[in-house]
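Worksheet: one structure, shown below.
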Amino acid sequence: MSSLDAVVHGARELVVGPAAGGDTLETHADGAVAVVDGAVAAVGDTADVLAAYPAENATTAIDATGKTVLPGFVDPHTHALFAGDRSDEFAAKLRGKPYQEILAEGGGILRTVDAVRAASDAALVANLTAQLDVMLAHGTTTAEVKTGYGLDTETECRMLDAIAAAAAEHPVDVVTTFLGAHAVPDDTDADAYVDAVIDDQLPAAANGPARFCDVFCEADVFTVEQSRRILDAGREHGLAPKLHAEEFTRLGGAQLAADLGATSADHLLHATPEDAAALADAGVTPVLLPATAFVLDEAYADPQQFLAAADNRTGAPVALGTDLNPNCYTHSMGFVVSLACNGMRMAPADAVLAATAWAASALDRGRDGTGTLREGTDGDVLVVDAPSHVHLPYNPGVNNVEAVLTDGTVAVGGGGA
């Protein structure tokens with residue numbers, strides 16, 4: 001027998017997802033959504049939804065009068081599993097020390113690698129669970145989590161196991177990415193390490209939960225050809241390619257992503273309109289991470305070149321993510337939406353789409369409707385104490401998430417009928 005899990009009704013604005021044509025939001029005034037057996041069963045005007053799914057019959061009924069209801073945020077780029085504390089590096093950066101100089105001195109990624117290697121399995125699971133808790137409280141219901149702080153086969157596999165263990169017990173839907181090629185360990189050179197990733201790490205990682213293989217394609221890290229080798233090998237093991245590309249320099253990672261038909265290319269601070277066109281032609285989702293530029297005091301990526309390149313093409317024009325990591329310590333997609341509008345001058349509707357439906361495409365989840373509220377999609381529903389989606393960027397620095405439902409079950413907040 002079907003179960004009416006939840007009815008959220010009376011929303012001043014209900015955000016469904018991309019409108020017909022895909023380039024703007026479909027919204028309803030006085031909107032409602034009903035969730036049955038974990039999936040959206042009805043969405044539309046409150047009177048129509050309540051006539052078919054009375055609130056008094058629901059396990060959870062939420063009166064969203066005066067509020068905005070939208071799909072749960074999708075965060076397509078995080079390094080949420082880590083150990084240790086690098087807040088002292090934050091202070092050094094404020095004094096003007098470049099991140100690459102910190103990395104060269106054994107800080108940055110390599111410092112976190114040492115902490116992760118020293119952490120117990122239980123500590124890794126607990127650390128990730130704590131990060132997911134905060135993400136969920138800020139409205140994220142689907143999140144990618146990368147490895148990459150192991151840099152050896154044993155620790156990378158321990159990270160994969162920890163991600164799987166935390167994900168199995170958490171309401172956030174976790175998508176796992178193998179990132180063995182996150183940095184070059186200080187006891188080897190890049191070519192030798194690439195061989196180790198291909199020969200040792202990838203065969204072991206293929207037995208775990210990873211869906212994607214990512215590489216940090218950047219000057220003084222991994223070249224385009226080294227990245228290609230790793231991603232080709234990952235694909236042979238069933239892992240779809242992703243890239244960190246054009247973050248500090250324009251090295252050619254975006255074009256590589258296009259050549260490979262990668263699922264996404266991420267960062268892209270130094271990408272050009274030609275790169276944007278190549279990604280759009282290849283159906284690669286660009287993932288912009290404005291919080292990283294914010295904390296590093298770098299110029300923001302230009303979303304308009306990606307939006308323009310995507311015109312009249314299929315696929316998501318652009319996505320947004322937090323890049324949650326010890327160097328960019330934010331869990332809030334709402335904050336990222338605000339940065340996208342106030343820093344990168346995105347329209348609020350575009351920013352909300354880039355944090356929901358378009359972000360799902362960066363995880364190859366767009367086809368199943370993740371990041372939308374349509375009949376048959378997962379019942380991941382966000383209730384925000386604001387009169388419209390515009391207030392997400394308009395009111396920065398405030399977590400106005402009032403309730404989060406995952407598969408129709410209250411995970412954060414709630415309220416009465």
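Quick reminder: no glycine exception, Cβ is built from N, Cα and C everywhere.
Small disclaimer: the values here were computed from a predicted structure and weren't measured.
As written in Swiss-Prot, here are the features:
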type	residues	note
BINDING	H77, H79, H244, D323	Fe(3+) binding site
BINDING	H77, H79, H244, D323	Zn(2+) binding site
BINDING	R86, Y149, H182, E247	4-imidazolone-5-propanoate binding site
BINDING	Y149, N325	N-formimidoyl-L-glutamate binding site
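Put simply, of the binding-site residues R86, Y149, H182, N325, the one whose Cα is nearest the Cα of H244 (Fe(3+) binding site) is H182. In space, H79 is the closest of the binding-site residues H77, H79, R86, Y149 to N325 (N-formimidoyl-L-glutamate binding site), judged by Cα positions. Non-local contacts of H77 (Fe(3+) binding site) by the CB criterion (under 8 A, 6+ apart in sequence, same chain) comprise E144, K146, S264, D266, V287, L289, G321, T322, D323, A362.
Taking Cβ-Cβ distances under 8 Å and a sequence gap of 6 or more within the same chain, the neighbours of H79 (Fe(3+) binding site) are V145, K146, G148, Y149, L179, D323, L324, N325, P326. With a 10 A radius on its CB, D323 (Fe(3+) binding site) counts 27 other CB atoms from all the protein chains. According to DSSP, H244 (Fe(3+) binding site) sits within a strand segment.
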